[in-house]
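Since the structure comes first, as structure tokens, the remarks are kept for the end.
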Amino acid sequence: MSTMLDQQGRAAAVLRRFSRTTTAMLLLVVVAGAVALEVASSGSFFEGSSVRVFLQYLATPILIGLAQMVALCVGQLNLAVGALGGFTACLTGVLMADHGVPAVVAVGAGLVTATAVGLVTGLAIVATRINGFIVTLATMTILLGAQYRLVGTRTVDGYSATLRDLGSAAPLDIPLVFVTAIGAAVLLGAVMYRTVAGRRLLAAGGNPLAARLSGISTDRQIVAAHTLSGLLVGVAAVTATASLPGVNRSVGGDWLLPSFAAPIIGGVALTGGSIAVFGTVLAAFVTRLIDAARAQFSLDPSWVNLLIGLVVLGTVAGGHLHQTRLARTTAPSPQPGGAR
Amino acid sequence: MTTSVSPPDTVPKERTAGHRMPFWVNQRLGLLVLVIALSVLFGVVRPAFLDQRLVLFPLLRDVATLTVVALAQMAALSVGHMNLAVGRMAAFGAMFAGIGYDKLHLPMQAGLLLCLAAGAAIGAVTGWLIARTGVSSFVVTLATDFALLGLVSLMYSALTEDAAFTTRPAGVDALRSYSLADICAGPVCGSPAVPQLAQFTVLAMLGLGFLYGGTRVGRELLLTGANPAAAELSGIPTGRRVLLAHTLSGLLAALAGFMAAAGTGTFRASIGDDFMLPSFLGAVLGGTLLTGGVVSVLGTLLGTALVGVIRKGLDLLGVGLESLNIYLGCILLLALSADRIRTVVSYRKVVRST
């Protein structure tokens, strides 16, 4: 009897602790937002087709958020997320449409290119010791130019029907591209939380000096993080190519801000060393919900930017208040009955 | 006009004549030589480059505007922060000027003041948030960028018919098209290449140069950037200095927005869309450190001028718009790598000679 009570108590404590985390709050926001939308759309939001559309356009925000998160976890930034994604998407599209390359090869080439660009970025940062912000700003500019040179002002849409079918395929109303994004998130989570390589990344981001003293090459971790970030952007580009009606030079143009919004709302620290795969995915859900609500009430698209900006600012300020309150409540506990 | 709070090991190097850094380490001199050499090169290859009215005048007008943008970034960089929202703050400021002219029928100067006040206010709010919460300036300004992006386009679509304020009071058109050739002292007129819009740039540069080079507050800003903990311990109200730096940044961004709007003739939401890259290019090429503590007002002008000359020159040489970005990115990387190599080499030389 007492053990059962014990267990209940412990479960309650775990629940209470969980209820104070960012993840729980985000989960609550997602559920509340979805219910509110369901009510507002008088019951059509949970219908198969609208769920499918909702999830279809959720894949890219999740993947670019994760790509940014990987860079953030070693204390780096990746400003080139959007440009690299757009470039890769255009490259894949042009290879298929203009050169008749089969879809599998084109997708492979896109993924390899994105990963290689990430690798080169990482190597450039480590070799020149220039701030990663500036290096990725430069690669962003270069890639934007390359993307424009690749497609110019046209829209490439004559590419493989197989890829397009895969992009719009949705068994049980769950689109394959969304499954891909979730799969990538699960894999990334497994790597980050369960493998030595993931631990090394986190250690290098959390405390570079300590990591170096314990035999971890921070340079190698920076290169690894940028490479992984490039790969994830490549996957995002492939999902975008598969689900968009065509690729042109505007693909990726609006990825930069959401890529930062998802990890930041999800609870990832910009200083490095922390990671929140589930939180990032949930934050991408939140931003997508805002977009869906915008469409529901047929508002100006600018509302989305305004709201996301305010949400990030609110998260930042709220997180700070939470921290100070935590500090105030936990500070006296090490020495109870002390001078205070 | 470089002002820096150097780490202790470099201060004696600069002061004592015995083992000075070699002269070619001076980044601004290199930039000046590069700007002149490139201008001459482009002028020889394409004589049209030196056409005062058709090429140099718009070039200098762009350089004047982008220098102010880069100065806005420099103000934030001086305390070791960033302002990713420079472009949107410019749009925000310009929007208020547009409202002032269109709805309130203000004269030009009053609209400019309103624009500057709006920019300073939004900068102050950002700075206050950063100082109060201690969150990285990158996140806060990024979020501000989001929010302003939405807000500005919403305001434009609510207040205007075709998403632009087209009412212009007397004087704005003059700013757009007048050059020094329109100012004559007796028979002597100025050059038709120098736009009158550049007066704002000169004022901003003089003001910032005086602030960072000649005032106590400027030194405190730099010290806050170089070492916040040391600044705090030496009694500098770092929070207030951060607030000041961001206010300045917002003010200058709004000024740049006004200049861009006056230069194109309309006040629209897309002003400042392409300000972010030039703001970092100009400041960083000019020698301002991303980590804070070192600023260079003159270098910022030279860095922006270099980018402008390269852009215009490649344009005249027939390099397409699409390739310009590729070259600009490569130039940024090369310039910074070269700078890094130069610093390392000269540092070794200095160490060997001591």
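Placed from the backbone N, Cα and C atoms, the Cβ positions cover glycine too.
Taken from TrEMBL as is:
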type     : residues  : note
TRANSMEM : B:29-49   : transmembrane segment
TRANSMEM : B:55-77   : transmembrane segment
TRANSMEM : B:107-131 : transmembrane segment
TRANSMEM : B:138-159 : transmembrane segment
TRANSMEM : B:197-214 : transmembrane segment
TRANSMEM : B:242-263 : transmembrane segment
TRANSMEM : B:283-309 : transmembrane segment
TRANSMEM : B:316-338 : transmembrane segment
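Counting Cβ pairs under 8 Å to the transmembrane segment (B:242-263), the top-ranked stretch among B:29-49, B:107-131, B:197-214 is B:107-131. Counting residues 6+ beyond its ends, the transmembrane segment (B:197-214) has Cβ neighbours under 8 Å at 1, 3, 60-61, 64-65, 67-68, 71, 74-75, 78, 175-176, 221-222, 248, 252, 255, 258-259, 262-263, 295, 297-298, 301 in the same chain. Between the transmembrane segment (B:107-131) and the transmembrane segment (B:55-77) there are fewer than 3 Cβ pairs closer than 8 Å, counting only residues 6 or more apart in sequence, so the two stretches are not in contact.
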